[in-house]
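**Q** This is the structure I have questions about; it appears just below.
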Amino acid sequence: MKTELETCKNCENQFEESFKFCPHCGQQAKDDLTVRVLFYNTISNYFSFDARFFKSFLPLLFKPGYLAKTFVEGRRLMYLHPAQLYLFISVVFFFLLSATVVRKQVQNLDEGLKKTFKTSLVSDSLRLENIKEIDSIKFDSILLPISNNKIFGVDKEEIKVLDSVIKAEASTSKNSGSSFLMNKNKIDSLLATDSSDKEIYKAMGMSDDANYITKKFYIQVLKFYKQRNGGQILQAIYDTIPISLFVLLPIFALILKLLFYNRGRYAHHLVFSFYFFSFLFTVFSLILIVNNFIKVSNGIDFLLVVSTFFYLLVAIKRFYNQGWFSSFIKASISSFVYLMFVVPIAIIIVGLIGFLFY
């Protein structure tokens, strides 16, 4: 007797009509879309995620390394996938960071820059006045005694030569002390006359054969000078951080791979890193929430941050089955390399990207 076959609407592979689910993709064989089915699937998927998240949350906080070890051993449906957990917690963290810290810092930076520019203009004008007064005193103290014949042996021609030398030296000193101000005044005059950006870039010192990065730098400097708005740069830097973490997290996993070369595949270290960074963002989120409602001393915040190292220590011991001493050494090395080399370089790169593309 010939078996009746049915074609899956999702993957278009054939399977026996008696099957309730497609053996190739898992979709239900007879999945008639009704309002009931639509809401049932939505709610069941949501609560499935919700249940696994809360089931994963407590072990994440209080059982360092447990979730990573469980996932690598193959028990993967009971708890939330490490990448899902990381994405969810990181989204929550950056939302809290933006709502509680970034907006205030952007506003404070803009206000501070406005005050700085005003102070700079006043100080520059005062500095030029002081230079003129000092030069006047120099001329009087040197040339007057000579011209009044109080210094003998110097004729009128030599007085003229000496006068020109002193004035030339004073002029050079004055120009070197105010070259930036003179350039700034030139840029201001070009802006006031609606000159083209190309003329302004030339006045700023950009050569005609400048490469893309150099041109982009001058473009952004002029943009900043026009707007006097550093908050946008800071906002761009913060916006770049979540993307940069998709590079920084695998680098941390690579450091672990080098330290534990014979302890599993790179993917295993990546799973460990996902859970560890999820813990870090959870701690930082809790700090932001608490500090938003209660004024907590910096000492307590510092202790909470330091506690993340001890979490890493216990997690390494449990996940890699290491002794306490070996775990401490490798936790210290991984933390030192990451914080002293990887993070500073990342900050510089993120800062440049934020400035060049804000």
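Numbers run from 1 along the shown chain.
Every residue gets a Cβ built from N, Cα and C, even glycine.
Caution: TrEMBL annotation is automatic and unverified by curators.
A quick note: this is a predicted structure, and the numbers were derived from the prediction, not measured.
According to TrEMBL:
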- 85-102: transmembrane segment (TRANSMEM)
- 241-260: transmembrane segment (TRANSMEM)
- 272-294: transmembrane segment (TRANSMEM)
- 300-316: transmembrane segment (TRANSMEM)
- 336-357: transmembrane segment (TRANSMEM)
**Q** Using a Cβ cut-off of under 8 Å, list the residues of the same chain at least 6 residues beyond the transmembrane segment (85-102) that approach it.
**A** 53, 56, 60, 234-235, 238, 241-242, 245, 249, 274-275, 277-278, 281-282, 284-285, 288-289, 291-292
**Q** Per the 3+ Cβ pairs under 8 Å rule, pairs at least 6 apart in sequence, do the transmembrane segment (336-357) and the transmembrane segment (272-294) touch?
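**A** No, the transmembrane segment (336-357) and the transmembrane segment (272-294) are not in contact.
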**Q** For the transmembrane segment (241-260), give me same-chain residues lying six or more residues beyond its boundaries with a C-beta closer than 8 angstroms to one of its C-beta atoms, as numbers and ranges.
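**A** Result: 86, 90, 94, 266, 269-270, 272-274, 276-277, 320, 330, 333-334, 337-338, 342-343, 346, 349-350.
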